[in-house]
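Residues annotated as disulfide bond in TrEMBL: CYS47-CYS53, CYS161-CYS222, CYS168-CYS174, CYS185-CYS200, CYS195-CYS241, CYS224-CYS229, CYS251-CYS323, CYS258-CYS264, CYS275-CYS293, CYS285-CYS347, CYS325-CYS335. Residues or ranges marked as domain 'GDNF/GAS1' by TrEMBL: 40-117, 161-241, 251-347. If you look up TrEMBL, you'll see 362-392 marked as region 'Disordered'. The signal peptide annotation in TrEMBL covers 1-21.
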Amino acid sequence: MILANVFCLLFFLDETLRSLASPSSLQGPELHGWRPPVDCVRANELCAAESNCSSRYRTLRQCLAGRDRNTMLANKECQAALEVLQESPLYDCRCKRGMRKELQCLQIYWSIHLGLTEGEEFYEASPYEPVTSRLSDIFRLASIFSGTGADPAVSAKSNHCLDAAKACNLNDNCKKLRSSYISICNREISPTERCNRRKCHKALRQFFDRVPSEYTYRMLFCSCQDQACAERRRQTILPSCSYEDKEKPNCLDLRGVCRTDHLCRSRLADFHANCRASYQTLTSCPADNYQACLGSYAGMIGFDMTPNYVDSSPTGIVVSPWCSCRGSGNMEEECEKFLRDFTENPCLRNAIQAFGNGTDVNLSPKNPSFQATQAPRVEKTPSLPDDLSDSTSLGTSVITTCTSVQEQGLKANNSKELSMCFTELTTNIIPGSNKVIKPNSGPRRATPSAALTAVSFLMLKLTL
C-alpha cells in the first residue's frame, strides 16, 4: 500500500513539473501565433519576401478590382487568398499619420480590410496607430494656458485667437505654411470661381500635418469671450473656399464621396474611433483622451469632409461638415445620426473647451480636493497593451470606466456601469486582437502553491 502511494506521488510530481515547464501552459491556445503589429509598408515587404503570401496578395487585389465583396467571396480563389492573408502581418498592420509613405500604407491597409467588411459599415476601424499622448503634453511644450496665471480682468479682454496667430508668426515653419494656404485659398480664379478648392485643401493639409500641434491647436480651438474672437476662430481655415459651397450636399452622399479616397476615408474612420461619444467615461471621450479626438478632428481638414464652426457664437460650440440631411429618404435616421457625431458630440465639445481653458482630465490626481470614498477592494488587473485599438469589440469606454472608478477612489454604487467594471476585471484581452477570453475558457497554468498543497496532502496520507 505504501509503495503504491509513493508511486502515485512520484507520478503526480512528474506531471506537475511538466505542466509548469510547458510553453503552451504559459500562453494558452489563443495567444499562440500573436504578432506585434507593424506599419503596412513594412508588412507588405515581409509579405513580398514570402512566395505564398505575395501570390495570395496579388490574387486578392485582382479580386477586389471592380467587384463588390459578395461577388469576390463567391470565388473560391478569392476566398482562399483572403483566409491566407488573415494569418500574415498584413492583417494586423497599421499606419502613422503624416508618415513618409502614408498614402501607400493606407492603400495597403484598405486592400485587405475592404475585403473583410460586411458591406457599408457606419463606423469603420481606424487604420492609424492609437494616440498615446495627451493634451497636457502639448501644454508643457507650448505653455499655452489660456488665462491661467494671468489677471482675470486682462484675460477676459484678451483675444486668444489673435494671440494664437501672432504666436504662429513667430515660428518660421508655421508662418511659412500659414501664409501659403492663406494665399492659395484667397486666390480668385474667375468671377464665377472664387478659388481652387483642390489646391486650397492640399495647402491646409500640409499646414495641419507639418506644423506642431501647439501652434495649430491654438488657432483652431482658442477660447473666446466675444463674437469678434469667435469669428476669427471660424475664419482660421478660410471657409469661403475650403468649407462653404453654393448648396449643401446630403451628408451620406458626402460620406460616400469621402470613402472613395483612401486618405479621406482613413481620417473619417480615425475621427469616429477617437471622438465617438462614450457615456461610460468621465469625459465622454474614448479612453478619456482629448488629444486623440482633437488630432482626429484636425486631420479631417483639407478633405471633402472638412468640418468647421457653424457660427460665430463665443460660447455655444457647434461644428459640422458642410452638409445636411435633406433628401435622405428612408436613410434619414442614419444621416441624422452621422451628423450628430459632429453637431451634438459631447466628447468633441468637451475636448475643444478643455484645450481653450488649458485643462486636461487627470484620472489619478495626486492631491484630490475632495474627500474620496474608498472604492471596493478588487484584484489589480494587468495593464492593457499600447497597441489595443479603440474600436475593438470590447469598448475602451468600459475599460476606462473601470480604471476611473478605481484610480479616482470615487464612491461606487450598484449601477450597471460598476457591474461592467467587474466584468472587465474577470476577462483577459489578447494584445493586438479583438478576442476576449474568459479565465476558465482554456487550459490554465498549474500554480506552484496548488502543487505544494497536493504534495503535502499526499505526504500526510503516507505517514498515516
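Including glycine, each Cβ sits where the backbone N, Cα and C put it.
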Request  = Going by Cα-Cα distance, pick out whichever of the disulfide-bonded residues CYS168, CYS285, CYS293, CYS323 is nearest to CYS161 (disulfide bond).
outcome  = CYS168
Task = Measuring C-alpha to C-alpha, could you say which of the disulfide-bonded residues CYS47, CYS174, CYS251, CYS293 are within 10 Å of CYS325 (disulfide bond)?
result = CYS251
Candidates CYS174, CYS200, CYS229, CYS275, namely the disulfide-bonded residues, that fall within 10 Å of CYS222 (disulfide bond) by Cα distance = CYS229
Task = Quick one: of the disulfide-bonded residues CYS168, CYS224, CYS241, CYS264, CYS285, which has its CA closest to the CA of CYS200 (disulfide bond)?
result = CYS241
Ask   = What are the helix, strand and coil residue counts for the domain 'GDNF/GAS1' (161-241) according to DSSP?
value = 59 helix, 2 strand, 20 coil
Note = For CYS224 (disulfide bond), the same-chain residues 6+ apart in sequence with C-beta under 8 angstroms from its C-beta are ASN159, HIS160, CYS161, ALA230, ARG233, PRO314, GLY356
Query = Within 10 Å of the Cβ of CYS174 (disulfide bond), how many other Cβ atoms can be counted across all chains shown?
reply = 22
Ask   = Quick one: Cα separation, CYS258 (disulfide bond) versus CYS174 (disulfide bond), in Å?
value = 28
Ask   = Given the disulfide-bonded residues CYS53, CYS195, which one has the fewest other C-beta atoms within 10 angstroms of its C-beta?
value = CYS195
Residue with minimal Cβ packing [other Cβ atoms within 10 Å] among the disulfide-bonded residues CYS185, CYS200, CYS222, CYS264 = CYS264
Cα proximity to CYS285 (disulfide bond), best match among disulfide-bonded residues CYS53, CYS168, CYS241, CYS293 = CYS293
